[in-house]
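Here the structure is laid out as structure tokens; the discussion comes afterwards.
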């Protein structure tokens, strides 16, 4: 199937609800209801009060401030966000250059040939009227030259006093095939704003503009704590044990959002062990998986209370993932509590972790885009749904089949996550789509 990136070109807001015309009539059952928390971590509601999905994103985005700026050489700056605008340190190009291989000419032709100029070499003597010099692409035009005759547009003949150049396409106008000084920018022009992601192209532009290093925002340090006695690190699941999917999934996903994942640790279901791990962490953000609901081994809430953390988000009106939480820790860091089920945890990453990490890392918010739905999508009566979707043949997106809270088959094949308002959305409804971290919203290691 050919996917059409044109679907990404429609800018959109990220609402919690939609116009009634975009909804399916009447409430529809939520396929993942009552299965949010993951194996061994309870099925009841957590102690918090759900906030709307868009409000939760906003709270996470405004929960912190960008970290301090650090200087990185160009070779180490990729993947960071600019902490200050990049302004040209010199004109680009910094001198008039040839845009083509051929001859630099002065005055009307035919021209008497003399020598050659290569890129990186001295400008040489001024070029007198009626003279030409062989020139390579990128070489500086000598003083007096007014145009370039392309190699394929000129011919040479032996003449009295030396070789002559004739143009086969008439007299060249002044400036033909010349890149004038400052064509791309002038010294002091702002090339990129603070918050821009440092991509390979940005590195090239910075180097061309005269930079050896860049001031970037430090990457937030993140520690991942994977909770659960039922989890296996290897081998086949069975006898009440399941494979840990989030341990492999979360670190590269968070890294793609700009985090420096310093550790990923597996913890048993023990409140004291969790307390000690959070207390000992020096990370800017601690991410936990599981334990956020109200089951017998769901210890995140009591441990946060014991630590003296402040709950900023305690439950979100979204499916999957509604028992997610965000807390401010006493030492200035934050904790993002994700549900234990894999797709519910992904929902928590998109809702809470991604906005928080972008802010801490100084990254600009991605521009949301909308695409029409290729088919009806059922909704929860009161909650937003995040549904894995794939881009279709046209500009539309289609929901993938495997989107239960414990499933990863859908998200593994997805181009994005559609934000489905309460009540659902009908075929053709313009729907906000969230990019995966390795799409336009970030880089994948």
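Cβ coordinates come from backbone N, Cα and C, glycine included.
TrEMBL: automatically predicted annotations, no manual curation.
Note that the coordinates shown come from a computational prediction; the quantities given were computed from them, not determined experimentally.
Per TrEMBL, compositional bias 'Low complexity' is recorded for 10-25.
Annotated compositional bias 'Basic and acidic residues' per TrEMBL: 30-39, in sequence order.
Under the heading domain 'MoaB/Mog', TrEMBL lists 223-359. Taken together, the residues of the domain 'MoaB/Mog' (223-359) have an average pLDDT of 93.
Positions annotated as region 'Disordered' by TrEMBL: 1-50 (among others).
Same-chain residues lying 6 or more positions outside the region 'Disordered' (162-182) and placing a CB less than 8 Å from one of its CB atoms are 91-100, 102-103, 105, 108-114, 132, 141, 146-150, 153-156. Sequence annotations record features per position, and here TrEMBL assigns region 'Disordered' to 162-182 (among others).
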Secondary structure content of the domain 'MoaB/Mog' (223-359), with strand meaning DSSP E or B: 47 helix, 42 strand, 48 coil
DSSP residue counts for the region 'Disordered' (162-182), split into helix, strand and coil: 0 helix, 8 strand, 13 coil
